[in-house]
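Okay, so here's the structure we're looking at.
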Amino acid sequence: MIKQRTLKQSIKVTGVGLHSGNKVTLTLRPAMPNTGVIYCRTDMNPPVTFPANANAVRDTMLCTCLINEDGVRISTVEHLNAALAGLGIDNIIIEVDAPEIPIMDGSASPFIYLLLDAGIEEQNVAKKFIRVKKPIRIEDGDKWAEFKPYDGFRLDFTIDFEHPAIGKDVRNYVMDFSAQAFVQQISRARTFGFMKDIEYLQSQGLALGGSLDNAIVLDDYRILNEDGLRFKDELVRHKMLDAIGDLYMCGYNIIGDFKAYKSGHGLNNKLLRALLENQEAWEFVSFEDKEEIPQGYVSPAQVFI
């Protein structure tokens, strides 16, 4: 049986909020089987919880933001969510003492280290997957994203920025998902932004914690980070990281083929909602026999960073 997974123990880290620039403490705690992914604002009295849910995503302007019925929000959840998807964590309580998850280095890699440091524990309950049964496609102008049936989780992402530093050879990335592939190929890819956009955001009191330490920054001609890129196609890899985090907002690893062109948080979320709303397009599946599970979801004995 492929089992649900949680953490062996709680673990805590301190970082900076991307938009506030303030110190944020993040605590990750184990959770019982069938709990799912629960975000919790501990700076509120009483604490406010946000179960990971595609319909709770109500603001995708700059990041993926969960907002409850009372208008309380928790922002920048996508990189941590991607790490949870990457390692197949089904049940976890995520406590944060601020309105946003710390940005860390702008990638999912620090969260991978954190989760592996806490240790991953299998629970004696079958893990549920969402299997895509029929094609679903969402379009917005020339942007689009789609799911198709596939025995595994395949991702194909294309970006299209007219910029001297983003050549045509680094605009597409394709990956057959597995924990190992995610950790090595995707988790280290950092978020990116353009200097003119960042200056505008900061004038509006946003992105105050943004810096060359937690983002790739481009001016009109080049990449400003002294150490350059971690991968030549780091930008499109980060967009794939975002998509993996956005699609895990349903709380279940997906079995299907995801393909996107110029998609962002908003379109990723619309695609996930469209899938879930069409009862004939998907089904829950569990695997009693490890021989039946799609190759990418066979849990490795250990993940090499």
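Using N, Cα and C of the backbone, Cβ positions are placed for all residues, glycine too.
What Swiss-Prot records for HIS265 is active site, proton donor, and it gives sequence analysis as the kind of evidence. The DSSP secondary structure for HIS265 (active site, proton donor) is helix. Within its own chain, HIS265 (active site, proton donor) has VAL57, THR60, CYS63, THR64, GLU78, ASP242, ASP246 as residues 6 or more apart in sequence whose C-beta sits under 8 angstroms from its own.
Counting only same-chain residues six or more apart in sequence, the Cβ atoms lying under 8 angstroms from the Cβ of HIS238 (Zn(2+) binding site) belong to SER107, ALA189, ARG190, THR191, PHE192, ILE216. DSSP assigns HIS238 (Zn(2+) binding site) to a helical segment in the three-state reduction. The Zn(2+) binding site annotation in Swiss-Prot covers HIS79, HIS238, ASP242.
A 10 Å cutoff on Cβ-Cβ distances gives HIS79 (Zn(2+) binding site) a total of 30 other Cβ atoms nearby, all chains included.
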